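A quick write-up on the structure given underneath.
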Number of protein chains: 2
Amino acid sequence: MITTLSGAEVWNLSTLSAACVGIIINTFHDDGEPLIASMAFSGIAFALTFSLIRWLGDVFMKANLKGRDMSKPKKIEIPETMGAVCAVVYLLTIIIFIPFPFYKDIVAATSGGGNEESVIGPQFVQTGRSLHRFPHNKLASYLSAILSLQSVVLLGIGDDLFDIRWRHKLFIPAFASIPMLVVYFVDYGVTNVVVPVQLEQYLGKMVNLGWLYYAYMAAIAIFCPNSINILAGINGIEVSQSLVIGGLLLANDALSLYVAPSTPFPHPATDPHLFSIYLLLPFMGVSMALWWHNWYPAKVFVGDTYCYFAGMVFAIVGILGHFSKTLLLLFIPQIINFIYSAPQLFRLIPCPRHRLPRFNARSGLLEPSVIQWQQPPPKPVALLMDMLANLPLPLLKVEKNSTGEVVKSTNLTILNLWLVWFGPKREDRLATELILMQALCGVLGLFVRHQLALWVFRQDNRE
Amino acid sequence: MITTLSGAEVWNLSTLSAACVGIIINTFHDDGEPLIASMAFSGIAFALTFSLIRWLGDVFMKANLKGRDMSKPKKIEIPETMGAVCAVVYLLTIIIFIPFPFYKDIVAATSGGGNEESVIGPQFVQTGRSLHRFPHNKLASYLSAILSLQSVVLLGIGDDLFDIRWRHKLFIPAFASIPMLVVYFVDYGVTNVVVPVQLEQYLGKMVNLGWLYYAYMAAIAIFCPNSINILAGINGIEVSQSLVIGGLLLANDALSLYVAPSTPFPHPATDPHLFSIYLLLPFMGVSMALWWHNWYPAKVFVGDTYCYFAGMVFAIVGILGHFSKTLLLLFIPQIINFIYSAPQLFRLIPCPRHRLPRFNARSGLLEPSVIQWQQPPPKPVALLMDMLANLPLPLLKVEKNSTGEVVKSTNLTILNLWLVWFGPKREDRLATELILMQALCGVLGLFVRHQLALWVFRQDNRE
């Protein structure tokens, strides 16, 4: 692996960084321009991550953070856990970025100008909004987001170091979501949700979910990182799917912001969508730098750290931005993969340590990987498997011996299923097709969300 | 190394935990009792850390996080970086603890009672205090403290994994202090300091340090962790010195709180001291559990992570509690060690990778470790060394060859100096004596601070 930057790369990255620094300096006027600054910070984060991934390759190999690429003719070792580099650069970026969204407020506070005399009625107390002209609550929620992300990175690195057992892994994002939930509880505490029109006659317009709302938030935070972590195993797939989801979330934010300013007052959804953009732009920056090195043929692996980190960014943006339902629409392939994997995850069917497709050294293509059944499966499982294998669109490929007992069956991931359906493929081809599918599902999801939302809810955010 | 808990240990730790849970449940009444809850949380943190250190011993060894104890007849390998376990339990504890100091405010906000109608004048805007009855600024500063601690742990683990170079290490705490400084800038921004009486005629009663104040805070944050990290190398010394400093800081807080309630209004120093206690109590809890396993003969090593983590806890408490000058009085041995080490740190004199005392296998005692001079030192350095060696109380031991050139000189740490002064000692004896010295210096420091403060400042906190 190359551990230095080429002359052209040095030149390009330096130019990019210098331009970004220039842009940031130019945002210090009037009310500041946090959105522009955020883009520039993301550029710098890209350049920094790109360089660090190169420079740290050897260091990672020496520290035993390395893995063997199983889907290549030569199974060479390459650095593993490079997602940690991404994540640390990302954290540094959003920490340094903290003052920018508050530039206006800081200037107002320092100059002593502004709306000192305005008195705010008690009706705003519970909503946690507009309490004082300095948006302390926005700051607190921003900080809680960073805390949760930092927690998931810390625990993710632990996972990559110690190879934590699967059933323990599941709870890493749960622990990491604690800071966010606690701050939500302390500082905001709104647990009301809008009721779909069809149910209004039974439940009223709003229903207070109480602690169930916290359970829901925790469930989102557990699902997103883990679902990315199980749709993994071929070069570039983890980062690519994250880039697609991140890109679509940004599109959704842009759409929401584009139509928001037409309302006379700042729309209540403006702030959460800005917040979402500030968290997502640098994420895209660091992820692209990682993608560059992780796409087929991979020069580095991302590690579980990256999957947790990426999933947590999405979970936080969705939860604190109050668009978790929209978020889930972008996770359709992950949801399908999770449901499809469930028989293995819950050990109805044996689950090997890795379920990635099998590399056929002769053809150079990936084929569905299989479970070898030492003993024939129990009756109900065998029945289920037969049923799945004999559907018009088979969801499983099984191999039986002469007595009709299952001896082999494919692993239950959509990567394998794709290969069952469309035959053996080269690794990058498989990744590309799956990512296109992800993008298509996501675009459809957003379309549904914006076109059909009015059918179930009285008003869209956009109104 | 034993990796399980004995029956008695299980019983004791379970009893302690159960009692603490009971206590916490009992604090949910009236205005809540955060101080009691904090003590109980610290008990649980102790039990958890104690158990985890045992259970994870093997896992750490397997992940190559291990080191050889050089000061024992049998140089066996034991788990390293156990400070990371401490730190993670600590972080989890203070994150879960977040709602407790705000219990009163949450209850008030939820019930809708309280001082809704009070209008706050613009004179309070800049101080960041009493803006709204929900103390958002307290929450933000608490969160920023956790963020900085989490950052230092993340970077500390990186250091333990990759063995970062000394000149890079120095900046780990600097990076980690960024969240705290940024939030201070955004949310608080007071950079005035009180001027000593003697200088008032030149500077006025208060002077605004501006960005210099941030540099000062960063300097404290860089000094505390690094100074603990270089007063290290024998069993138990890192944790013991941290326990002494933590204990004295708690004594200082208690002293300040004990006299505060006599004033008619809540004293402005009450909150910072409570904040300090909330951060220090669980620190004492996790550190005691680590101490148990790290004291002579050590069963685990603490790693650089612990030193950074401990130093950062003190720095944050001192900075955000606004008693950084008092804090420095408790770091006198560390300051002396730093100044004494300076010629080696700045490479006037060669600095080997480790400067810990040398173990004499025959006597079983520690002796001062020495630098072997391949070439004689340059003239000015040789002169300086001669001077130090010939003081009435020699600060150095040198060995010369027949031509009068230095061939050996002791490493410049106070551990070695202590051995030069008082002769070879067993490892635990040396640690005990140094810790007693640390405690004595600290008590003297606090005495000076509280007795003599009135000489330089118009009023003590206690008034």
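The backbone N, Cα and C atoms fix where each Cβ goes, glycine too.
The stretch that TrEMBL tags with transmembrane segment, taken from the ranges A:170-191, A:412-433, is A:170-191. Below 8 angstroms of C-beta separation, residues 81-84, 86-87, 90, 141, 144-145, 148-149, 152-153, 155-157, 159-160, 172-173, 176-177, 180, 184, 217, 220-221, 223-229, 232, 238-239, 242, 245-246, 249, 252, 269, 272-273, 275-276, 279-280, 283, 287, 290, 330-331, 461 of the same chain, each at least six residues beyond the ends of the transmembrane segment (A:305-323), sit close to that stretch. Residues 166, 223-224, 226-228, 230-231, 241, 245, 248-249, 314, 355, 371, 377, 381, 384-385, 395, 409, 411-414, 417, 434, 437-438, 441-442, 445-446, 448-449 of the same chain, all 6+ positions outside the transmembrane segment (A:329-349), place their C-beta atoms under 8 angstroms from a C-beta of that stretch. Ranked by Cβ pairs under 8 Å to the transmembrane segment (A:273-293), the stretches A:12-29, A:35-57, A:139-158, A:211-231, A:243-261 are led by A:35-57.
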